[in-house]
């Protein structure tokens, strides 16, 4: 068994940027094992010294040099962290010089610690969008006039997590409409959705996977039976295809990928928060 | 008025990694205006050529060289994108060589496109945690035995978005308990929470800000009055302090920062999804 190499995401803020890029980098190496730790809010010399000690010990404990993916901007903190002996990957450093040259300005590390500044407007938009998603989840209160988009699918195909993700990360007002057995029998788009065609996006899913998910929710119910799942998915796909509603299978897609593809198809361009 | 420089986040996947680091970089330059566009799923020569044309036109339209923050791994696609004439910032390139040397392995770009691989276990954990957060939102169904943590605060102090974020991004089962006027009058931790002291974390908020938020939800209600907000916040803070529950103000914190600080304080270490 190979040893597990310690990886630390170190930041003077939340460490989300460091962890995001660090995770992307590590997945490009196969067959190796990593243990990952987040060390957020390292914003003083004392904390940097503590972090360096912890990183060094973790490396000594397994006999492998640790990797530090680091987004601290203060050079003094970075110097203290480097005393850990780890491989230091500073995720901002390589891009600062070319950006400074192109933009004709020296960066000011203090003005924009990622995720550190809070814009009340943005906070508001996220929260309002999330409240909207929760209020319009599973067709409970179907007023779609304010929706940016409406996800249409059978129950448990991935609508709710996608809507919540879209709200939290893009401030998108995402509603969802669960296709009921009655809708599916009718073979037509439910009346309430017809006036919002340009906002619709369909999700589908492998019936076996759907069966597993429903089985966990309501074990051995008619709702969870493989036959029911097969029939509902076939009916939903046929209906959405006939009505010309774009569709995506969630079976092998992450929530991020589903959200990204939905926005791309509907031409919704929002910054990520 | 300065011109608005076009910035593109280009990726063969969702582009989340590129946008995360690109956004962090741009916030380090002040007084400049950027327009940002996400170009996800650029995974063929044709799409790369289309993207390059679009990037070039955007630059020509405003007379400024565009910036491309790029996470495509195929060198041929990168070459085509560079024909846009933009400043190309490849977010993986600077780190690959040092990692390859340290890990003794050549990276395999295809195995790990960030957010491209879907692990059913992870998907499950996220969805289950989110269902948990929604089911345990605002004390509707208070069984906290399975909670990883419980956020305690007055209504509208930021509990729900934090819980949903913790679920989606870390698979953490985060419940929340809204302090009612009765709880606040009693001056003691509600009985239902006492056995879970080690899972508790308090949120507080500036009363003026709380008043604004509540005002939007129930305009001119007693609930939204500034006096009510002032009293509730003072009572909640006094009670949590007396009971020794750690507390954080959400007034100037992003959802990411609140989540990160809560996890750090409670010693919860989970990877980010």
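Heads up, the Cβ atoms here are built off N, Cα and C, so glycines get one too.
Summarising the annotation, TrEMBL assigns ADP binding site to A:153, A:154, A:155, A:156, A:157, A:158, A:159, A:160.
Overlay of TrEMBL annotations on the structure.
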residue	record	contacts (Cβ under 8 Å, 6+ apart)
A:153	ADP binding site	A:159, A:176, A:178, A:179, A:202, A:203, A:204, A:205, A:236
A:154	ADP binding site	A:178, A:179, A:184, A:205, A:210, A:232, A:233, A:236
A:156	ADP binding site	A:205, A:210, A:213, A:214, A:217
A:157	ADP binding site	A:203, A:204, A:205, A:210, A:250
A:158	ADP binding site	A:203, A:205, A:250, A:255, A:258
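DSSP classifies residue A:158 (ADP binding site) as coil under the three-state reduction. Looking at A:155, A:160, the binding-site residues in this record, the fewest other C-beta atoms within 10 angstroms of the C-beta turn up around A:155. Within 10 Å of the C-beta atom of residue A:159 (ADP binding site) sit 28 other C-beta atoms, taking all shown protein chains into account. Chain B comes close to A:160, taken from the binding-site residues A:155, A:156, A:159, A:160 by a C-beta to C-beta distance under 8 angstroms. Those residues of the chain, other than A:153, A:154, A:155, A:156, A:157, A:158, A:159, A:160, with a C-beta within 8 angstroms of the mean position of the ADP site C-beta atoms are A:151, A:176, A:178, A:203, A:205, A:250. The DSSP secondary structure for residue A:153 (ADP binding site) is strand.
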